[in-house]
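These come from TrEMBL:
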type	residues	note
ACT_SITE	B:451	active site, tele-phosphohistidine intermediate
ACT_SITE	B:857	active site, proton donor
BINDING	B:581, B:637, B:770, B:791, B:792, B:793, B:794	substrate binding site
BINDING	B:770, B:794	Mg(2+) binding site
DOMAIN	B:58-286	domain 'Pyruvate phosphate dikinase AMP/ATP-binding'
DOMAIN	B:300-344	domain 'Pyruvate phosphate dikinase AMP/ATP-binding'
DOMAIN	B:419-499	domain 'PEP-utilising enzyme mobile'
DOMAIN	B:542-893	domain 'PEP-utilising enzyme C-terminal'
């Protein structure tokens, strides 16, 4: 027989699927013998059954009765009985927290009789009638779906009539009258009287919570947070306790350690003679937890004991809600507490030092995202700052600049070399140029998945969203907060990590964590100086990162095209270069050479002269890079983009020539010749055109010069006694024959150059897997490849059939809003689609060559969630931008621990 | 123990893997008791073993000895013995024919002694010494790899010295001298004497054939023809027989039916006192086979009997080579004979009528490619024609037009409405504009996979390639054949089915087969008129196509966007429309409406007005289409291209505005406004941009108007009593949520309109599978789809990561040359890559919804090889252009028969 209802004494913290997060933790505390107000949880099974049938399963009523009687017997009072009634709360509680999305009904059990009983029991008539009017209001709105402001209008009118300002200034008599008014509103709106039967109130409350699973806002929330529709919510029915029964009552929130700094020792807030909702509403200021020690030492000591017990039990920092009702301490909720990035690292190592957890476990308590936050420069703590407002921290960083309100001003500022912050009510695709030009973006509307947020994260720009306190007038070019008015050109500073907006310039300081990562422990500690907290943080990061390095199975390489980037990458702990793009070596002064190659005829002396000059220059580049890398591997990708990208833009040149002809009757012959070439080479979809290996096959000699330059550089260094380890990577391969052609050429060149130099060279040849066909036929390609590197940027583009340039700022935010994506597939790998292609590629490759070296060099290589996926599918390494190397090291370590 | 050698009496025709095609058929004839010169076949196993080891397996020598002795005993003579020597031929013979790619050595067994014996035995000294000099020459070239023209120079010099013109004018004494000269050349080139040991000659000949498997030209041929490298060749060692031993000897080629017309009754050529190579060399004209009847009635009757026996045995038209040596008939080779398209259809039904094969078998004897040939208009057989030359039939059709030699002339002719034929020595990507403008393409160089051939087939243009007799002078604009010189502007006619090039205009007649297909059997027979052969052809096609319809499991639909195309498709036998593209309905006069929609603001009255006008027009389109279709399904694809495709081109508009500003100081404000919109909407890769379902989600109302127009049209026709069956197809879907959003909208609109009209409408909603992600997550999409249609054009583009526009004329020919493709993946589906994605999509879709209707509407839907693949993976229908519907019907029937 199915069981729908669990007394708190029957569950535990691991039953979140069935009891939801809140219910499971209430059960856990009950099991630990802590003072939890008695109650029971109706399981998610019951909710799912209700949603399926469209009605409450009959068995549920009987189970509720049994459990309710048990609670009544335990307390010794009955639900809603006329004297000393038992009151109950009914709250939702899903597996994953969905704050504010579903319904709650408090004070169930009050009716025209029991309100009198409650007044006597609590010796507080005002309290009883206020509770009753709250029940009618909450029940009317959440259970009976009464819309509009009828209840609050009536309350406001009463206060006006009485000439008072606050609710608590109303008398018991006032509230009695208000209850009568509320009951009239209830009847008028619903066509029935407010239910006097306590059990009917309870049953209707439970059903209302079930229904609230399927409200539109809950559905939208789940889509965005990628929470499955099929989970359903549990319902917690719990005895009410009151922190507002006088001076010996109160309520508070506490943490077993400081969640903000990670400082050890308890931390919390307390409010005497108040309910939890008063704390949330912020009507009165809370006091530090320690005041409870002065006020009610017994409860305080009991609470400290419970906190220690909970932390020992959960082996982590706990976040706790409690209420004291007339000197009796009750635990209302606990969970593992949220914390700042710095706190996460410090707490994790503290717990290790206290021998509560192992280093492996400690690794699971910190994340790459937290490490990222710690690496950004931050506003100087000590500098004076004028806080304007605080809003959604949408993309981290600290940005300072003059206020601009539109694209033109942003671009003008950027051109003039002035930093600016783009301020908009909200952004849309037309604001892209301004976003590109600005240091940071600040919007008054929209959340973490708004256009501004998604695009800014994609660009790596600092961004704060949904700063509702701001009044943005783009026409007048003003930005107002309260009475404070700023104009275009005024300086503001935004902190994308905390969501704080400051007026005026704020000095930015480097992160001590970044100093440590770049220059080692000693340098980090020196930078921390006398700040113990900072020094502790540096030590914590060092210990956790060192442990991650020890346990991870994936290597971490960097994407770097210059000796400077390579040096930085190695400082940050990169074990090699996973992607050295060579097209960057054709830019600048050298562009003229590649132009010459393009314009010359195939087989002509002019083309060969261009090739020769490029070969010499590339050899120089490779010599520098390989010297930096020495015994570390360096994967060189042969030139990838279509050649016309090195020529002038078609439209500009057409305009130039046409205007010259119209005005002067003729155009510069050099321009005309160039135009002809540009027209001939124009492609309608360059991403899908003549590039990568296609170009290598189509234009004989191009890849050869690169291979020769690399081989000669390696040979030269080998003779010097260094240990160069270049690897040749062929881009955009789709079929084995393409790879075979290039590999064959490469092997010949390597053999020739090795013989010429009299050294042995073992240069691996492999390819990118960035086309679906490459992954789908990887068992073939593996025959000709020593390694594969998944190019997940291009793979995302081809698997989805969209080009990042064209869609990222345009419809990716729209798609996130419409819940097609939870996150941009360019930020985190789309495991369900692109990931399947990667997985298939890995399996096929290993089926031919079990030992083939497999890596990834798309931007996903530095994304925490993606790194876990790459670990799971069995890649040998990830390669990412130098700055992300420490994050990848940490996450690769975490992945290894978590996968076990 | 492994067996390497098979006497002809040991094999049969099904052993092609082991014995090669020639060897298997020789064995089959031997088994049938036909007079085959004795011999044996060395298996492909031996070749593979040789290629692996790099030397002839020792066991092979002993097996050759045993088999050679058996042949010697059977004949009663010994290989190369001094008197009456046995001579042997050594020929390659792979599983798949590779004509001219590998080596042959004839007359093995001749040496300084046996040549005298042969002279006596044959009573012909001249013949014996000529055979000996041929052996030395052939052996020197093919076995010893002697390069250069030493042998033929010596022969030419001898003829010059003797003052004669032909080889046969040389005397026996002359030839004796020539043998001495050849032996000197042999020694000088190889450093050794010509081997006198017959067995050494044989062993070296066998090894040379093995080696010839791996010559560069053989490898290239195999890559192009997609023949596996690992097969290896068999070697046939056979007793030589001589058709050149006087008047009672001769040689011939015959067919059991006419391979050109399909006329029943034997057909062939005979040449008295000649060897097969003389027939091939074309030195003398052959006579009809029947002359053999007059000359040697016994052999003739025996041959007729054998032909009947072979046809009965092979149950098909056979192609036979025979030799008569001094009145004794020998069978040298047989195989199922190649035939013209018309012959294929006629012979297939003849064989059915003769009860030699079933209709199912008959279907396997004809192909869609043959039916395609029969459907093209043809040059009038009866019209006088001046044949210039005959070359490679690279792309079928009959094209007439003036000669042009470059793009400019081709485009000028096309603009003036004159038809032209582009004539080039060879084509390359720069000739694309000319190819587009021309009716047909004629090149002097290149084969079936040359740039011209590949691109022409892709465009559906008539093309003849490799017409080496032509001298093309593009500078002078002349085209010469022998003495005949044509100039630019002269008319030529090219037949892409036969490869014939004619000077002057040739009238084109419609195909009777097409008349039949479009208008039925009666009309076809009427068009054939008194031509019995044509009438027979029409009947044959009708019977085979009717049978194909009866046995096929896949439906055939057509891609059609207009009522006219739909009518044509239904005439050709389409069972519905599989793809009706709606963007075509926005062109012409209506472009202004879509411009209005694009330029208007979201939610504005102007935009709505544009939508309303478009809705009305689309409704009209759909009414017409649905009326034509009536009870047949019609799949309507919602608008797919990016909207900026409806706006003016960016570059032209930039030039227009810039020039106006430069010249007149200002531009037309309307142009400026449009330019702003065009700039805003410009995409760097439009194929991967805001199109398809993305556009539908991004621009609310656009898809809705189309769905509403279609639904209203269907409702209206339903009320008229018709049976409209529209289906809504969403393009470019990559994720379930995209489809769910559109489906949800569609269902609402359908319900509204059905209620309004008071009819029931059951309109299916499905989507294209044209992105890898759609196929990889088809088990999700299937939850929201009633059907899928694989868009294999786009799928090919995204799986390979190339855009057809950008690569087809540019590097696909290069890739075919480099053997990356065997055929363009846009012509025939790339089964190994794209096909895997399709197969995965099918399997995933059926895993969720076993009955989901699956089809294909890419151009591959009309390609024979691809159709077989689609049958194999289990699609329910293919949809192709109207003209290809009959081909698809035939091939779908063949696929059903062949798959059993």
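Cβ coordinates come from backbone N, Cα and C, glycine included.
Everything TrEMBL records as a feature, shown here on the structure.
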residue: B:451; record: active site, tele-phosphohistidine intermediate; DSSP class: helix
residue: B:581; record: substrate binding site; DSSP class: strand
residue: B:637; record: substrate binding site; DSSP class: strand
residue: B:770; record: substrate binding site; DSSP class: coil
residue: B:791; record: substrate binding site; DSSP class: coil
residue: B:857; record: active site, proton donor; DSSP class: coil
Check: same-chain CB within 8 A of substrate site center, minus B:581, B:637, B:770, B:791, B:792, B:793, B:794: B:579, B:640, B:731, B:768, B:789, B:790, B:795, B:857, B:858
Other CB atoms, at most 10 A from the CB of residue B:794 (substrate binding site): 23
Fewest other C-beta atoms within 10 angstroms, as judged across B:451, B:581, B:637, which are the recorded positions: B:581
Residue pair residue B:794 (substrate binding site), residue B:857 (active site, proton donor) - Cα distance, angstrom, rounded: 11
Integer Cα-Cα distance in angstrom, residue B:581 (substrate binding site) to the residue listed as 'active site, tele-phosphohistidine intermediate': 31
Inter-residue C-alpha distance, residue B:791 (substrate binding site) and residue B:451 (active site, tele-phosphohistidine intermediate) (nearest angstrom): 26
Between the residue listed as 'active site, tele-phosphohistidine intermediate' and residue B:793 (substrate binding site): CA-CA distance (Å): 21
For residue B:857 (active site, proton donor), the one of B:451, B:637, B:792 that lies nearest, given that the recorded positions are compared by Cα: B:792
For the domain 'Pyruvate phosphate dikinase AMP/ATP-binding' (B:300-344), residues assigned helix / strand / coil by DSSP: 19 helix, 17 strand, 9 coil
Cα-Cα distance, maximum over B:581, B:637, B:770, B:791, B:792, B:793, B:794, record's substrate binders, Å: 15
Cβ atoms near residue B:793 (substrate binding site) (within 10 Å, other residues, all chains): 16
Listed recorded positions (B:637, B:793, B:794, B:857) that sit near chain A [CB under 8 A]: B:794
CB contacts for residue B:770 (substrate binding site) [other CB atoms within 10 A, all chains]: 26
C-beta crowding around residue B:857 (active site, proton donor), within 10 angstroms: 28
Top Cα neighbour of residue B:451 (active site, tele-phosphohistidine intermediate) in the set of binding-site residues B:637, B:770, B:792: B:792
PLDDT averaged over the residues of the domain 'PEP-utilising enzyme C-terminal' (B:542-893): 94
Three-state composition of the domain 'PEP-utilising enzyme mobile' (B:419-499), taking helix and strand from DSSP: 18 helix, 30 strand, 33 coil
Residue B:791 (substrate binding site), number of other Cβ atoms within 10 Å: 29
Cβ neighbour count within 10 Å of residue B:792 (substrate binding site): 29
